[in-house]
């Protein structure tokens, strides 16, 4: 048979042609017939590294198939066979661990608590299975027909991450450039492996005993860590049928993959994410409906976590989408508008006002020590940094930097350690965004002594781009290795790398705190600070022609208090507290008249940062003005009482009136009793 004929599509090859090919292969030791047919289309499976002297190749058309067992690697030199070995119908059987006794099984997994309830309310959307079926192909398992619900892939030269969701089916492939691939299949039906004749027909791929689903893990047992990883991921789907518990575990696994780069963390996080999506799709498919907020949550988390994982592997890629546009058609609640805009890459212009209001409200609550929505803040910052003007971006970073206090950074570090603990109970939902926001999207770097938070911050800033934006989910061979621009650095390019903390001003300059004097800009050396940790405050800008190299000392002053209720004298100034140990304690942007009055109230202030009685004697204060002036703040010339609300005045008046009434009633009772008693006494004597 001519060599060119073997390159024809298999659907054109007849049964006689295949038999002729088998007879022409002198090295063939047998051609057992039967078995499932060859896949018709789909991506070519990647051949794994050869590990033995025997090759198995599957060829066939829609009606018949054959497995040829070739005697050795020398068969590759046969041009009549090479066309099939290098073609799309090659099936490599090198992923099955020899011997069979090396297959691994897991015990019953630890069940996780349920965090979400059944879908209810008016925000339900239909979730029906599609009528189109597709052939799912793999390297070691016979092809399966699957009704596909979702299909997503992130790919670059450094890594590939593919997820296929179907009716009671999950196919997941993960491969890294520097490590062996891993494949996980979850199916309600028993799968059959393409096995050597010696192992017999109908052999299941390796995996644990079947529970609600059959779980198969295919990969190379390269070392003990890989063996343990394959055992662990096989148990994920049976831990919980609650999508929110699985998503929480996926966020924790992604956190581990970002802060502890390595193939095993990457594999665990990828499988966690795939299993979370599978559990959600199965519940929605069975109910034929899904909660719109839940569908949006799964879609946005899949895009966010896939991007963070691929960034950890060295790729700027992430999932472009998961549920084939289903999520884009769901009604969006007002609280989820920023999440939806980020997820689908919508035109951000209609959402910019909402983003500004979200950042402002989070800042107001943060200054007063109240909790705020950290996830909404992340999406608001993402929109403002990417689509807002230069003023929006700089003002946003000024606020997030002020919100990033030492206490909040410590809380994020503690939350990270708890999430990374193997004993994490997941009694409540966990999201990576609760760790990332606001410190990871701020200009505060002096709290990054923990490498965990530093790695998270770098990953978070590169994940700020809208997930649906062009180029956010794909990478070419030429551009995959290029670093994506950091939107935080783009908003304030004048800030030097050694800055501990930066406060951007509207005019293109920034106040920066460093340990040594910057190359350009007027610098203030702060006195009374430990010489081992000196603090230098400088005003830097991109205008090199106006560079000022003067060294100064901040002037100590008693600033005048203002009595004008309609003019905010100190608005847009930044109040800073630092300690003699060289630590920046907090920064506060004065943005309103109310905050100005609280600042001048001194010990009567209800804002903790302004109240001097809450800080020790080694703590000093600075006032930074928008024009670049720096003042060592001693006090205000007069102490103003904190403003009293009208409700308090009304309550005080009512309380005083009630008190007077009670006293009057008591007085009348006493007088009446005395008068009546004397009258009786006089009458008795008479």
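Quick reminder: no glycine exception, Cβ is built from N, Cα and C everywhere.
Record features, source Swiss-Prot:
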- 77: N-linked glycosylation site (CARBOHYD)
- 162: N-linked glycosylation site (CARBOHYD)
- 542: N-linked glycosylation site (CARBOHYD)
- 604: N-linked glycosylation site (CARBOHYD)
- 627: N-linked glycosylation site (CARBOHYD)
- 157-217: region 'Interaction with gL' (REGION)
- 1-24: signal peptide (SIGNAL)
- 25-646: topological domain 'Virion surface' (TOPO_DOM)
- 668-686: topological domain 'Intravirion' (TOPO_DOM)
- 647-667: transmembrane segment (TRANSMEM)
- Using residue 604 (N-linked glycosylation site) as the reference point, find which of the glycosylation sites 162, 542, 627 has the shortest Cα-to-Cα distance to it. 627
- Message: Using DSSP, what is the helix/strand/coil residue split across the region 'Interaction with gL' (157-217)?
- Response: 3 helix, 30 strand, 28 coil
- One should report the C-alpha separation between residue 162 (N-linked glycosylation site) and residue 627 (N-linked glycosylation site), rounded to whole angstrom, as 53
- Message: Within the same chain, where does the transmembrane segment (647-667) have neighbours whose Cβ lies under 8 angstroms from its own Cβ atoms, ignoring anything closer than 6 residues to its ends? I mean 6 or more beyond.
- Response: none
- Query: To what whole number does the mean pLDDT across the topological domain 'Virion surface' (25-646) round?
  - Reply: 76
- If you draw a 10 Å sphere on the Cβ of residue 542 (N-linked glycosylation site), how many other Cβ atoms land inside? 12
- Note on the structure: With neighbours defined as other CB atoms within 10 A, the best-packed of the glycosylation sites 162, 627 is 162
- Among all the protein chains here, how many other CB atoms are within 10 A of the CB of residue 604 (N-linked glycosylation site)? 15
- Item | Between residue 542 (N-linked glycosylation site) and residue 627 (N-linked glycosylation site): CA-CA distance (Å) | 16
